[in-house]
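Undergrad: Below are the structure tokens for one structure; questions will follow.
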Amino acid sequence: MNNHYHPTGHRDAKTYAGDRPWPQWPGVPSGLSSSSGLLQNRYYAPAGPFPLLPYFGELGAGPDTAMNQAKRQRAEVSYQQPRPYPTGRGTGSMGYQSKVRVTDKYKVVGFISSGTYGRVYKALGRHGQPGEFAIKKFKPDKEGEQASYTGISQSAVREMALCSELHHPNVIRLVEIILEDKCIFMVFEYAEHDLLQIIHHHTQQPRHPIPPNTIKSIMFQLLNGCQYLHTNWVLHRDLKPANIMVTSSGEVKIGDLGLARLSYKPLHSLYGGDKVVVTIWYRAPELLLGSRHYTPAIDMWALGCIFAELLSLRPIFKGEEAKMDSKKTVPFQRNQMQKIVDIMGLPTKERWPLLTSTTEYSQLSTLQPPIHHGGHHGHHYQSQRQAAAANAGVSHLEKWYYNTINQQTGGSGPGSGTSPLASLGAEGYKLLAGLLEYDPQRRLTAAAALQHPFFSTGDPVSANCFEGLKTEYPHRRVSQDDNDIRTSSLPGTKRSGLPDDSLRPGKRVKEG
């Protein structure tokens, strides 16, 4: 039995066995009306016998009409209120435990990373529970010698609720939740690598591109995981290389659902309570332009940015984030939008009919149209600007793509050069353009992207993104000098061993 995905999107029977029922397409997941679960579908969601997830416009109609008021109210209560998680559901091992000490069940090996949420540690199982695990400890509301406990953060509640219900090979698996001394510990399966680390490895001298079959496998698995989330009405909202885990067997897993939200009510603004979502470099244009009724399309834009980064080994839209003002209002992210315009051209009403309804539409007039640098030498700067203004809406993404995949040969058009990435060809560009479509309603869905010819041409897509590679990627850095999981002090968010500018957006700038 081989280990490849079929063009339909299923893996061989080894993974998508007949004893797992096909996910039922929900008007709204019926499990939302039950106190026992948030999501009806806990099974795999390969591209197959479902209709596409509908993408709603700013005021689109949707599945909300298929669910009566009583069910909606029960769903909201089920989602918003934290509750103990019963054991023995899903995979059979995930549960909520409040009378067990984390160090009794796990031997902490060392510290992996930290962020605004808390810290992540690597651990080994004890007492007949073999294997490696990642333990995420949420920091207390107020830090100090004596932690102050005032409740569970909204982000923690969301992540616990969603992770306890989501079960898919391309989504990181939650093993259990432990509450100890008013601290929450989420125990996840461990992945030896993350996508940021893999990209960084290829930037080391001699710089070498990620092999095309590896890129195909990574993108297919990401899209497969995203389709599962979107089929279950979950928006991830923070897809970026640092949040994509990769196991030693080459299985790609979407992680960090701290910003994820349910999206079954298209008329309900998803903006309230979440001033900013998605790391700036991967933020979709509708978010930058102030859209409040965004859709799963924001995740697809982020996947397009990740695809481009796998090709070029650097973020395609590397802008600087503007600070909030004293009133805590979110400013227009002019610099980031300009980075997008430089490659994609200015958005137009023809390309994006609902563009004028975005709250920051007027700000587009403050942006500079892209200058095409491939013209004849000797042209005056002013004439370049005039030409740019006349073609402000023209995208240069195709030129960027072919320059990138042919970078080792200097070619700039389809089929030129012998770079390893040249085999991705025109279908690679079409997939990238579909993911980086300005109009969220025209942007590729995860299901449609899985059916794209990019994945059915050339070698079969492998379920192991490392298949055939001679490269051995270093494992995630673990600091064994810092393995006290009980400590309350937290370091900065930077992870050692990787360049700062690859971990987070550049220095923030104050917008006038």
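Along the chain as shown, the residues are counted starting at 1.
Glycine is treated like the rest: Cβ placed from N, Cα and C.
The region 'Disordered' feature in Swiss-Prot is assigned to 1-22, 75-94, 368-388, 476-512. The domain 'Protein kinase' annotation in Swiss-Prot covers 106-455. The ATP binding site annotation in Swiss-Prot covers ILE112, SER113, SER114, GLY115, THR116, TYR117, GLY118, ARG119, VAL120, LYS136 and rests on sequence analysis. The feature active site, proton acceptor is assigned by Swiss-Prot to ASP238, with sequence analysis given as support. According to Swiss-Prot, the feature compositional bias 'Basic residues' maps to 373-382. According to Swiss-Prot, the compositional bias 'Basic and acidic residues' annotation covers 476-485, 497-512.
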Undergrad: What average pLDDT does the predicted model assign to the domain 'Protein kinase' (106-455)?
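TA: Mean pLDDT for the domain 'Protein kinase' (106-455): 87.
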Undergrad: Can you tell me the CA-to-CA distance separating GLY118 (ATP binding site) and ASP238 (active site, proton acceptor), as a whole number of Å?
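TA: GLY118 (ATP binding site) and ASP238 (active site, proton acceptor) have their Cα atoms 17 Å apart.
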Undergrad: Count the other Cβ atoms sitting within 10 Å of the Cβ of ASP238 (active site, proton acceptor), across every protein chain shown.
TA: 21
Undergrad: Could you round the CA separation between VAL120 (ATP binding site) and ASP238 (active site, proton acceptor) to a whole angstrom and send it over?
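TA: About 18 Å separate the Cα atoms of these two residues.
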Undergrad: Could you round the CA separation between the residue listed as 'active site, proton acceptor' and SER114 (ATP binding site) to a whole angstrom and send it over?
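TA: On Cα coordinates alone, these residues lie 16 Å apart.
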Undergrad: Among all protein chains shown, how many Cβ atoms are found within 10 Å of the Cβ of VAL120 (ATP binding site), not counting that one?
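TA: Result for VAL120 (ATP binding site): 20 other Cβ atoms within 10 Å.
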Undergrad: Per DSSP, what is the helix/strand/coil residue tally across the compositional bias 'Basic and acidic residues' (476-485)?
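TA: For that range the per-state counts are 0 helix, 1 strand, 9 coil.
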